[in-house]
Structure formats: C-alpha cells, structure tokens
Amino acid sequence: MGFTIGRAADLLPFPASDTHKYARGKVVVVAGSPRYPGAAVLAARAAQRMGAGYVEAVVSAPAVLPVRIAGPSLVVSDRGEWDPPVLESGPGRPLAVLVGCGFDAAGDAGECGRLLRLALDRAACPVVVDGGALGLAACDEMRRALRLRAGRGVATVLTPHAGEAALLAEAAGLPGDFLSDPPWRFCERLAQAYSAIVCLKGPDTFVSDGSETYAIDQGGPELAKAGTGDVLAGMAAALSAQRQGDVLCAVTTAALLHAEAGRLAADRRTSIGVIPEDVIDELGSAIQRVASFR
Ligand SMILES: NC(=O)C1=CN([C@@H]2O[C@H](COP(=O)(O)OP(=O)(O)OC[C@H]3O[C@@H](n4cnc5c(N)ncnc54)[C@H](OP(=O)(O)O)[C@@H]3O)[C@@H](O)[C@H]2O)[C@@H](O)CC1
Ligand SMILES: Nc1ncnc2c1ncn2[C@@H]1O[C@H](COP(=O)(O)OP(=O)(O)O)[C@@H](O)[C@H]1O
C-alpha cells in the first residue's frame, strides 16, 4: 500500500549519455477544446518536464496557433485531421497517448468520443484517459474497449477525481454502497470494473491495477486549483511511456512527484498562491529530491 520514495527514485528516467529524443519517449497529447485550450498546454508542458523527448499536442483547430505560441518546442496538429493508422512503441522508441484533458464533452461530445475511440483502438501502447474523456469512458462500449486492450496486454490508465469516479462507478453498475468503501478499496473495484489502472485523485491519491494498490498522501491543499490534474496527467503519460513494463508504478511515481512539486511550490509561493504552472516549474527540484533517495 505504501510506496517508498526509494522505489520512485529507481523509476526516474534519467537519460543515458547516448540517448536521442525518440528513445526518451514520445507522448501524444490529444487534449483541449475551443472552450479549454489551456489544459492541453499544461499537460504537454508537464510531459516535457517529466522527461519525454518528443511531445505532440493534438488540439482543436482554433487552438493550434495559440498552443504553438505557448509552447514552441511542441509539435502541434489539428485534431480534426488526427487519424493515425496505428500508434505503437518501436524498438527503443517508447510511446504513450494522453487523451481528454480539457475535452468539453458537453459542447463537443461527437468529436471527443471519436478521439477517445481512436486512441483506445489504435494505440498499442499505454493510454492515459483524463478530464472530459472520463465521462465518455463511463459506458459499456468503452469498458469493452478497455477489456480488449487489457487482453492485448496494453495498459490503460484512468485518472478520475471523486466526481468523475462516481460517474464511472455508476456506469459500471457498482453497488450504490461503493461510496462507503474506503477509498483504496473503491479505487481497486473501479480498476477491476474497467480493466484499467485507476488513479483516484483527491487529498490522498490512490493508484490501483485491481490487485495491487498504492497510496500517495504527500500532497497538500495547494494542489486544489483548476489545472493541477492536467499537469498530473501529462506527467503520468510521460512516465508511462518511459516505463511501459511497470505502468502502475510509473503512475504512482508521477503522483508522488506531483505532490512533492506542489509542496516545493508552496514553500516558495505559499499554499494560497500556487498555480499549476508553478507545479510544473518545481518538477525539476522534486525530481532532484526524490533522486537523492537512490
Ligand atoms: N485551463 C484549462 O483549460 C482547464 C481545463 N480543465 C478541463 O476542463 C474540463 C472540465 O473540467 P471542469 O473543471 O470544468 O469540470 P470538472 O472538474 O469535471 O467538474 C465537473 C463537476 O464534477 C464535480 N467535481 C469536480 N471536482 C470534484 C471533486 N474533486 N470531487 C467531487 N466532485 C467533483 C462537481 O460537481 P458537483 O459535485 O458540484 O455536483 C463539478 O461541478 C475537463 O476536461 C478538464 O480537464 C480543468 O482541468 C481546469 C483547467
Ligand atoms: N486538498 C488536496 N490535497 C492534496 N491534493 C489535492 C487536494 N485537492 C486536489 N488535489 C490534487 O489536485 C489535483 C486536481 O485534479 P483535478 O480535480 O482533476 O483538477 P483539474 O481537472 O482542474 O486539473 C489532483 O491531483 C488531486 O489529487
């Protein structure tokens, strides 16, 4: 249940001296919407800071230029044209897909559903499902798609907050008493119901693959600000790309570093003033702190 800092330290993806950008992991961030373009920038930036060597942001047409300006090192494309044949890690070229941060499922359900289905069907690599895509995942069709992915041996990660977790539980027909379960048990049941790794976010965060569950309790209330979840999703995707063989521990390590970075940001800005961008900025110091436990 406990996840030691030493364990996280061993998973840190320090690059080898002879590496190249693709060897450090590519993350495709399918995120944002005309209403929430900023979520794509937060997630993509966090993936870069978490070590991904190549980050592609697939965003709505009106967001292409603003995202290019916000992140000149991002490769940005129009989601309306996104129709990849297959997305798979090549030898020495790890890949992961993040889908859903900043999806506006109410305003844009058709296009968001298409993007989620494409990601789940075509990505033979870890897929992290966050934000507005979680509501779309809360149905039998998507649960079947997740079961198929698990059968193919590829990990899917769901990152709900309590509200999104309640939607997922209801759609999976989990008994109405699930809310009275201890949160780790609820997280475990959700993971089983969706054949996925579930990262249940809150003041304490739980990460489960349905049999093994870890708790991260280092986070503080400075993280309770719109956009910090997008940062965690980008970090989780980057580490999942780089640690494909152990996505459960990769996501747990991301949650631990996110909590540490929040704490370091609060030391500088106070728990009142921290914004998600500060959490990204402190990620390097959080990595250094965790690395000192190696
Ligand atoms: N800069 C950007 O572009 C940003 C974009 N963002 C993106 O926008 C999209 C929509 O996100 P959002 O924040 O508008 O709605 P969301 O959080 O789903 O809340 C909906 C309802 O859920 C509930 N609820 C919420 N939190 C809860 C909790 N912890 N525990 C329990 N319940 C909770 C609550 O319902 P209530 O309980 O009040 O009935 C709330 O009214 C999404 O894709 C996201 O990624 C954001 O990341 C922000 C920065
Ligand atoms: N009181 C709190 N203490 C510690 N961490 C928190 C607290 N409130 C929220 N968080 C963390 O902040 C993040 C918020 O994510 P989320 O609710 O998805 O926000 P958003 O969608 O606006 O980005 C999660 O990682 C969650 O664990």
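Quick reminder: no glycine exception, Cβ is built from N, Cα and C everywhere.
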According to TrEMBL, Ala39, Gly102, His161 bind (6S)-NADPHX; which of Asp230, Asp246, Asp267 is also listed for that site?
Asp230
Let me know which member of Gly173, Gly229 TrEMBL also records as binding AMP at the site of Lys201, Gly202, Pro203, Asp204, Thr205.
Gly229
Quick one: among the binding-site residues Gly102, Gly229, which has the most Cβ atoms sitting within 10 Å of its own Cβ?
Gly102
Can you go through the binding-site residues Ala39, Gly102, Lys201, Gly202, Pro203, Gly229 and pick out those with a C-beta less than 6 angstroms from ligand 2?
Lys201, Gly202, Pro203, Gly229
Is any of the binding-site residues Lys201, Gly202, Pro203, Asp204, Gly229 within 10 Å of Ala39 ((6S)-NADPHX binding site) (Cα-Cα), and if so, which, in sequence order?
Gly229
Quick check: with Ala39, Gly102, His161, Asp230 left out, which same-chain residues have Cβ atoms within 8 Å of the centroid of the (6S)-NADPHX site Cβ atoms?
Ala31, Tyr36, Leu42, Ala43, Gly100, Cys101, Asp130, Gly131, Gly132, Ala226, Gly227, Gly229, Ala233
How many whole Å apart are the CA atoms of Gly102 ((6S)-NADPHX binding site) and Thr205 (AMP binding site)?
21
